[in-house]
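Single-structure report; data block below.
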Amino acid sequence: MGTARFLSAVLLLSVLLMVTFPALLSAEYHDGRVDICSLPPDSGDCLRFFEMWYFDGTTCTKFVYGGYGGNDNRFPTEKACMKRCAKA
């Protein structure tokens, strides 16, 4: 049972890295920090249905968020998204 549990943990870690690493590579960095507005939309890991907003590089667009996980390019309103991400 210990080997199966270990292999499950390794598989889970591998999947998480495959999902997270490309998103980090596509993000822009400013002062060594990730610019959250450049991250791709990420619906997260759960199956709930929350209408949220993400910045697509030009404007804020609706998407469905599952309620857990995802990244920080996620805002409760279009106004909050534009305030954080739109360049004046």
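Quick reminder: no glycine exception, Cβ is built from N, Cα and C everywhere.
Owing to the predicted nature of the structure, the values given are computational and were not obtained by experimental measurement.
When Swiss-Prot is consulted, the disulfide partner of CYS60, picked from CYS37, CYS81, turns out to be CYS81. Reviewing CYS37, CYS46, the cysteine that Swiss-Prot connects to CYS85 via a disulfide bond turns out to be CYS37. Sequence-distant neighbours of CYS85 (disulfide bond): residues of the same chain at least 6 apart with a C-beta under 8 Å from its C-beta are ILE36, CYS37, PHE55, CYS60, ASN73. When each of the disulfide-bonded residues CYS37, CYS60, CYS81 is scored by how many other Cβ atoms sit within 10 Å of its Cβ, CYS37 comes out lowest.
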